[in-house]
């Protein structure tokens, strides 16, 4: 073989990023590209300067190094796995022809142009052109699971001319063909090339190529010549960088914390609604403002007071002795000092905590047994850990129909043959169509050895026509058998040409010869076939079109069948031009389409088929619930308009409550825009007539494929968050990758969509639970986590700000430096992680029962500029009370034993202890759902604080040793702690009780309903257990079946001895519960009816 280009890639692959020498510098470079890491590195550099920092660099170095080390270990492990995988692949062995002999070669040594031998169950080393195989007609079978996830076998066939070489190593080694083909690309299903050999040119396509990563199956051996190797193979071309997706909360955090994150086109409403606020009020801006205030105050204090204390606190040598100049220099240094002291407003542990929470939430999705599909043994899987909370903010769903909403199992349902409709059961007396039910008897096809037991057909007239030998019916099924895989009576045909199907042609044809007669059989979409029918037969066309409309109205998918007899001379001339187009290297597809057009004309209509693709279980209920959650859904389908509308009603995408259905059927952008403007005016007029602010309508759009695809995708990127559920085929597998969140559904055709998705599920109905339960919980937990995290860090950090008023704004810290270092790592990390992983306001059952609970995510109600400001102000107030009450208590304080309590270290220890208790009490109030883990994390963190404090100070020898012990020996400490906790917790409780009582949210009401239901359940169990306690009591009944004396009828009918049973609505009659007690306060604000639907709430 000879090649056109002198240089080709070798077959060595490298997917790893680092080596031993480059790991440390490259990994650190990547990590410091994150703005948060770079920000804390700058703070660490400032802390190293003694004239600036009043804190030891350990306070920043410990958490920063910890985060960098954890990330580096993870990256190193991942890259080590890639190294191992590369080594394993590169050292696989393959047999290559060298000088006419087969020798063992490592994959890495295989070159372009080599002829290699592949054997059964062996991986293919490179992209190869098949030369010969062990199977008849040059066939071989491959499995492409590593390429597209499909485990079903695919067939490949080599050229007949090269297949004759068999496994003759000498002949194959002397192969000297010239291959001209396309440049390396990532298109798995397309290949164009030509082979020039022995003076002839042969067309090469994807069916003659076996790709790297495939496994040879059911084929003893095959030979192939390497055309692409290493990085040029299609497998490696598809292993590019994955698109990095970030949630709206990620973008919000970057703006809050850093304020300099690069902004691209705003894809979610979050960005447009909070950008102005966050630009003006970000944490960095707030931090710099406090530093500026402290700098000015320090300059004033040093000018007025500080210069007279130089005998006790001498200025540094770099400070000028002149009072005004010295105060100015000190103030400038203090600015940077407070930038260090107050940087814990947003610690680096925030990012680590967020990733841990997302990682744990992903496991909760994977472990959800209610999203496990038993038939296929497939569980839901989170293929990413960065988008969980975005699942709780979805406003649009773009979905395919076939294989996503439907089962993708096509069942022959009805047909039209020679203007006669088959498939309906007709009542002989009334001539009406009888509806098919489960009890309707079906036809018995067991006399056919190839029949399928699951197939159901009910119209006996079609079977009778087949048995009578009706020529039209036999021609109809003969076309299906030759253009499809329908089993029937064996007939031998010579296959001359296949005119394959694609999305533009919307049809496929085969040309066959039998008994010297040439015939073209064609099937395709009705509009495509009708355009290519010969003139005449108007009655047949009209009647068949009526049947097609009827089938479409019933939601069935239709195809038209046509046939054409060909002349031998005409076909030979056409075949010659077809060969020229097939070997063309420029615009091959366009040339072939033009050639196909020439022969697919003047056809005779045979009839039409109508097949049914049933909806998956639970699809209508899932779509209805998603619609109640205010999620808009768009479905892509290639069906006829009537079929699409019928299926829309079947799956609850269209409902009878909608006022009208508007059709958008334009083909250009301007025409579509004009139609939409007119429809908007119609919607407004309908809304006015309905006396309502909005009218429920649905727009059905007909999309033109091809040229508008790119523009459509660009428009989608500027929409609100949307999810793209998708199942195969691979022509649309990029939909999940382009969506904000891609959800792949493992369908009948393979796993391509799953491999390209962020989340995978087995059935569409599981999307309801993925969004309304896991998505809402993830968003709820993350927002609650962030609100509490900012609160506790503002409360912690601003204590230094209040202390500045009593230390001359000298940047002296109130806490022990070690406490500052581990506050977020050890003392408060576990409770907030428990909150972010396990908390839930309502159970999964009520989340599905009341889909409106999902809507807060659409408006970012749970974490936005208002909630952030509220958390910051709460922390601001908490820090003020935390510092001022202990300071007022211990200022000039003396214990009963005469010990002086007005000590800086003692005050710092007291404030730190009360801080830990207060933030722990706050998270206990914030926790709505308690588990064993929450109890362990919340209460264990308080115990852990005291254990670490005593261990560090007494065992290691900390600077604050004995301070906390001395404080805890006095009643003053306990009194101060109780007072501070009460002052801080009472307003929070009052605020929450007020809003729950006066202005309850939907979540508050549903949560109350859930609690009442749990209470009723416990009470019903108590009532039903009552008879067991009375088994020893004598039974009140007559001693005979029919007593001769008066029985106990009156006593029984009076109800005095009857147990209180539940009412039909599930309530129990307990007067004290309904007329008095705390519960009456809540129930008075709820509707008196049941909570069977959300209208009651």
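Start at 1 and count along the chain as shown; that gives each residue its number.
From the backbone N, Cα and C atoms, a Cβ is placed for every residue, glycine too.
According to TrEMBL, the features are:
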type	residues	note
DOMAIN	8-60	domain 'P-type ATPase N-terminal'
TRANSMEM	58-77	transmembrane segment
TRANSMEM	274-304	transmembrane segment
TRANSMEM	324-352	transmembrane segment
BINDING	400, 402	Mg(2+) binding site
ACT_SITE	400	active site, 4-aspartylphosphate intermediate
DOMAIN	754-1000	domain 'P-type ATPase C-terminal'
TRANSMEM	785-806	transmembrane segment
TRANSMEM	818-838	transmembrane segment
TRANSMEM	868-885	transmembrane segment
TRANSMEM	905-925	transmembrane segment
TRANSMEM	932-952	transmembrane segment
TRANSMEM	972-995	transmembrane segment
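Most Cβ pairs within less than 8 Å of the transmembrane segment (972-995), among stretches 58-77, 785-806, 905-925, 932-952, belong to 905-925. The Cβ neighbour count for residue 402 (Mg(2+) binding site), using a 10 Å radius and every protein chain shown, is 21. Under DSSP, residues within the domain 'P-type ATPase N-terminal' (8-60) fall into helix, strand and coil as 26 helix, 0 strand, 27 coil. Other C-beta atoms found within 10 angstroms of the C-beta of residue 400 (Mg(2+) binding site) number 23, with every protein chain shown included.
Over the domain 'P-type ATPase N-terminal' (8-60) the predicted model carries a mean pLDDT of 83.
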